[in-house]
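Written below as structure tokens is the structure these notes are about.
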Amino acid sequence: MRGAMKPSIVHCLKLLMLLALGGVTMHVPDEDDVVASLGALRLDGHFSFDDAHAAARDFGNRCSLLPAAVLHPGSVSDVAATVRRVFQLGRSSPLTVAARGHGHSLLGQSQAAGGIVVKMESLAAAAARAVRVHGGASPHVDAPGGELWINVLHETLKHGLAPRSWTDYLHLTVGGTLSNAGVSGQAFRHGPQVSNVNQLEIVTGRGEVVTCSHEVNSDLFYAALGGLGQFGIITRARIALEPAPKMVRWIRVLYSDFETFTEDQEKLIASEKTFDYIEGFVIINRTGILNNWRTSFKPQDPVQASQFQSDGRVLYCLELTMNFNHDEADIMEQEVGALLSRLRYISSTLFYTDVTYLEFLDRVHTSELKLRAQGLWEVPHPWLNLLIPRSTVHKFAKEVFGKILKDSNNGPILLYPVNRTKWDNRTSVVIPDEEIFYLVGFLSSAPSSSGHGSVEHAMNLNNKIVDFCEKNGVGMKQYLAPYTTQKQWKAHFGARWETFERRKHTYDPLAILAPGQRIFPKASLPMSL
């Protein structure tokens, strides 16, 4: 793996190199000084100094920056006291603080070189921070920021309720996804997860604990949602719920024509009576697709399905679900049949299965366990996630799937539309300026140190895709963006940069929080970097 790690190390050290070349002297805190300073704090939890390596790893597995200490908070006051102590050290201190959820960041965004990493799952484990479900006319759940969504789901299902909007993978923390957006196949109807939050509890960069909502401290509320951790650490969230179904009809069909595929998707998300979950995938040069499906799905027509050949083709998979309860099975069958009759998929490729609601939502974890068993989970993940306007998605697809990725890819490719009206433009999330845009995710893995399975190969393809978008007016925005300079971030935010910067100076004026996003250097450093 040595060949795969070399460019990552260079990437992580880029900022330090810039400082050295610019003649800037960077004071690195002596560990004994850090220990003494932090040890004076009275905490419900504790600091540790021997698990720094674990806090310097993430899902992306391409960047490793060691912190000076890891905070295992036993209360919100622990988080606040720690941030407040760093704030009191002032501009001369290089100490920063990063909240780490389940470590699913892609390029060190949850890391803090020489700083403090807050292990948010420790906060969730504290008894006083338990998940609390409330029914009534406006059902909601109060959940710790460090709680995993899968645990939130288990708790809400006990009350026959569930959050409305999800991510595809549930073993992520509440605060982590709300700091980005949180998108899955329900977003066309309910918006991303950040559009389904009623209230937040936040520790700001000044060490203040603030409760905020649409009505109270609303500027901080909207700043933190999709705010990449720049304005505060989300320690608790109140999330809207809906009645949870017992079962899900899970459907997959294939298309050979991109235009037909996207037209059908757009038709479905525009309809009031439609499926509950709508996602699309691009499948490049895969053999035996339908045979693979047979392990979990059954074909509508086994004979036709057995004659279908996928070799050497670019195909498009539409994945759909309809929720139902056991006594509604007949009605569900009728509604599914009526909706499918309007679609123009390849008739021999209709596959379906019925699973529990929990089983469907936690589907990616099943794949995770298989990959872990094969040693293929903890490998580099050079992902690229784009938001593409509807007006340019065909131009994008022709170049990317017809030329750049025509031979192969090393992971799933997501492609599905969402409605802009379901996204709240008061949050910090940046999206294209069109009513319909597509989420396109290239979820690559790099299990090899060379060749097609390497980080270098995946990054080369990613760079070609981004370069095409930038040079041909595609109007894309990156989601989970891996930018490393403030210049890139300014271009990303565009006209919204001024608001983003104002909020930063208001809630985290010393740039203590989330240094791994590489947006605002610590206040003692030159802002030009």
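Placement of Cβ uses the backbone N, Cα and C atoms for every residue, glycine included.
Its own atom aside, the Cβ of Ala99 (FAD binding site) has 30 Cβ atoms within 10 angstroms in the protein chains shown. Annotated FAD binding site per Swiss-Prot: Ala99, Gly101, Gly103, Ser105, Gln109, Asp168, Thr173, Ser179, Val183, Ile234, Tyr479, Gln517, in sequence order.
Positions annotated as domain 'FAD-binding PCMH-type' by Swiss-Prot: 63-244.
Following the DSSP three-state reduction, the secondary structure of Asn285 (N-linked glycosylation site) is coil. Feature annotation from Swiss-Prot assigns N-linked glycosylation site to Asn285 (among others).
Around the Cβ of Asn419 (N-linked glycosylation site), a 10 Å sphere holds 16 further Cβ atoms from the protein chains shown. What Swiss-Prot lists as N-linked glycosylation site is Asn419 (among others).
Look at Asn425 (N-linked glycosylation site): DSSP puts it in coil. Asn425 (N-linked glycosylation site) is surrounded by 12 other CB atoms, counting those within 10 A of its CB over all protein chains shown. Positions annotated as N-linked glycosylation site by Swiss-Prot: Asn425 (among others).
Residues annotated as pros-8alpha-FAD histidine in Swiss-Prot: His104. His104 (pros-8alpha-FAD histidine) has a Cβ environment of 21 other Cβ atoms inside 10 Å.
The signal peptide annotation in Swiss-Prot covers 1-27 and rests on sequence analysis.
DSSP assigns Gln109 (FAD binding site) to coil in the three-state reduction, placing it in neither a helix nor a strand. In this structure the alpha carbons, written CA, of Asn425 (N-linked glycosylation site) and Gln109 (FAD binding site) are 23 Å apart. Ranking the recorded positions Gln109, Thr173, Asn285 by how many Cβ atoms sit within 10 Å of each one's Cβ puts Thr173 at the top.
Long-range neighbours of Val183 (FAD binding site) (same chain, six or more residues apart, CB within less than 8 Å of its CB): Thr167, Pro192, Gln193, Val418, Leu439, Tyr479. Taking a C-beta cut-off of under 8 Å and a sequence gap of six or more, Gly103 (FAD binding site) has these contacts in its own chain: Arg57, Asp58, Phe59, Ser110. Note on Tyr479 (FAD binding site): other Cβ atoms within 10 Å of its Cβ, all shown chains, come to 21.
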